[in-house]
Structure formats: structure tokens, C-alpha cells
Amino acid sequence: MKPSLLDFRLKELQANIKPSFRAKQIYGWLYHNYAQSFDDMKNIPQQLKDELAKSYVVNLLKIVKKELSNDGTIKYLFELQDGKTIETVWLKMKDEQIDEEGCVTQEAKYTICVSTQVGCKVGCAFCLTAKGGFTRDLTAGEIVAQVVALKKDNDHKHNRMINIVYMGMGEPLDNLDNLSRAIEIFKEEDGLCISGKRQTVSTSGLSNKIDRLGEMDLGVHIAISLHAVDDELRTELIPMNKAHNISSIIEAVKRFPIDTRKRVMFEYLVIKNKNDDLGSAKKLVKLLSGIKAKVNLIYFNPYPDTPYERPQKSDMIAFQEYLINHGLLCTIRDSKGIDISAACGQLKEKTQSELQ
């Protein structure tokens, strides 16, 4: 496959495209106008476009299917150049605010949930993506292309703020080289200009890779998919815990460079009769003592044939209240897109079933 122009930072394109100002124009077409082909680049000489087309492609993704939730969540299934498919989610976090005179006082806020791999190696017991196994890493361009495609499809101007969470298909830190390149591309001032502070890397806990990410000093946030407070249950839910146990993860988090004004996010997927009891809440308080942490409780999002169940709302609230009363900042994540195939891997699985 040819590489995409989305695989490169501006300085790299400038080194390969002469005169260099043309590279900057092309960068504008990619990230300000969301060009899908060389033909879209109206002020670029045809000879240069023909030359570039011999070595590069522009668009890497084809929308196979998308589903719109009542809450504004949009789930996308994309086909890659090699025919593999990935999922990306457009999340509406806050509605637009309008005053009595009809003036916008606050723009709507959006987050894009991005995939980093086709499939996943981690094999979490509760995750539908894990059923399909691992196929390959995404390139940096394929990671970047998801954000470009969603901003284009939702008419979201390049200079409007957006947050990125690497919480889609795959383990981000298992594809760290391509992930870090994508992060740097997003940060480009002449591109989308999405700072590290607006990018969150979610990991199931590759403790050695947490250290390496910290050494890269990319300025991103991390979120730890903890989901259990003892190694026995966590190994059941996340088999990789045998190699990267809870203790090693906590120590890696303590070493990670964190903005003193920020907190480390710990994600805790709550599953009925597994980890929703107050005994688990008590252990969680002890586990996170000494860490400037925020706990995000997440309702398990059921899918067909899963043995796990969604917890009761009353149990979620009791769990949250216990953590708050014992000094932890704790939120319950709104269940986005519950009326559509919003759990990771669901839309892909559903579409494949329909085609059979």
C-alpha cells in the first residue's frame, strides 16, 4: 500500500515537496479543508499532484456504515485500504448554549474516540473486540484519518476545539510508535492544532509502555483501565494482568509526568455481581491512596452472548458515594449511544452478521 500524506508532519512534507510552500498549502488542504483526493487541491499545480499521486494517497478510509444515537453519538465503521474494518465514535459531550437574544454563548463540545489497531491482543473478557483477535497495527495516517473523516462528516471546522480519546479498538500502547507520531501530527500548528492536553491515551496497563510514553514527554493525559482491585479478578477480566499486575501499573503511574493541575484517570468498568460491591470500593480507595486520581465509573454496555450484566443504578451510586466520602474524585460516565451499537466492536460484529 502507498503511504498517505496523513502519515507525515509538515516539516517532513516540506523536505520532500519543492518548493516547500507547496507542502504548507497541501497541509492546509488536508487539515483545514479535509481534502479527500489530490483533485480537491485546487491551487496545487497538476504536474505536482500527478507526481505525488505516484507515491502517496490522500484518503485512507471509506465509511461502510454509521449509526446515530438519540443522544447525538455517532458510531462509524470504516474500511481501510486493505479491506479491514475499524470503528470510530463521535461523542457529543455538551450541547450548544444560546442566550435569550439567540447568540451562542458556548459552542457544543465533542470528543472523538479513536481506534489504534485492527482488533486487539489484550483479550479482555468483557470486550467484543477481543473475540475477533488481533490483525495489525494502524499506521499513524490511519489514526489521523479517523479524526479528519469525522470532522469532515460533521462539518466541524478545523479551528474548533475537539478532544481525542484513544479508547477505540486496540491497545494504544501496543502501537506506541505510530500512536506517538499521530499525537505529534495532531499537535501541528498548521494542521488541526490539537494540544496534548486535549488527547487522552487509555491503556489496559502495559506498565513498561506507560514508562516509555512518559519519557516521550508528549504532554498527553493517560487513563488506566483498571476495572478490578485485586489481581485474581483483574486477570480473569484482563488476562494480560499476569504480566502487568496492579502493583506494577500503580508504580508506573506514579512515575508518569503529570501536570500538577491535572489528575490521573482510572476507568472502572462496573459489572453486576463482579466488582460493584462496597468491599471493592473500599479496596479501591486504599489502592489509589497517594495518587492524585479521578475515578470514572462506567456501566458495562451489554452485547449479545456476553456472560456479564449491566449493574444496578443504585449500586453504581452507592459505589460512587463511598469513593467521594473517602476523598476520591469520582464520576459516573454517561452511557453514550446505548440505543445503537456503541460498545467497542459491536457495529463491526453487527455488520458482519448482516452480510452473512
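Cβ coordinates are placed from backbone N, Cα and C, and glycine is handled just like the others.
What Swiss-Prot lists as active site, proton acceptor is GLU87, and the listing cites sequence analysis.
Marked as domain 'Radical SAM core' by Swiss-Prot: 106-339.
Within its own chain, CYS113 (disulfide bond) has THR88, VAL89, LEU91, VAL165, MET167, GLY168 as residues 6 or more apart in sequence whose C-beta sits under 8 angstroms from its own. Annotation source Swiss-Prot lists disulfide bond at CYS113-CYS344.
If you look up Swiss-Prot, you'll see CYS120, CYS124, CYS127 marked as [4Fe-4S] cluster binding site, on the strength of sequence analysis. Just so you know, the Cβ of CYS127 ([4Fe-4S] cluster binding site) picks up 22 other Cβ atoms within 10 Å once every protein chain is counted.
The S-adenosyl-L-methionine binding site feature in Swiss-Prot is assigned to GLY170, GLU171, SER202, SER225, LEU226, HIS227, ASN301; the stated evidence is sequence analysis. In this structure, HIS227 (S-adenosyl-L-methionine binding site) belongs to neither helix nor strand by DSSP; it is coil. Taking Cβ-Cβ distances under 8 Å and a sequence gap of 6 or more within the same chain, the neighbours of HIS227 (S-adenosyl-L-methionine binding site) are PHE126, ARG234, LEU237, ILE238, GLU267, TYR268, LEU269, ASN275.
Swiss-Prot lists CYS344 with the feature active site, S-methylcysteine intermediate.
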Provide the number of Cβ atoms within 10 Å of the Cβ of LEU226 (S-adenosyl-L-methionine binding site), excluding the reference atom itself.
27
Ranked by the number of other Cβ atoms within 10 Å of their own Cβ, which of the binding-site residues CYS120, CYS124 ranks first?
CYS120
Within 10 Å of the Cβ of ASN301 (S-adenosyl-L-methionine binding site), how many other Cβ atoms can be counted across all chains shown?
20
Taking each of GLU87, CYS120, CYS127 in turn, which of these recorded positions have a Cα lying within 10 angstroms of the Cα of GLU171 (S-adenosyl-L-methionine binding site)?
CYS120
Between all pairs in GLY170, GLU171, SER202, SER225, LEU226, HIS227, ASN301 (listed as S-adenosyl-L-methionine binders), what's the biggest Cα distance, rounded to the nearest Å?
19
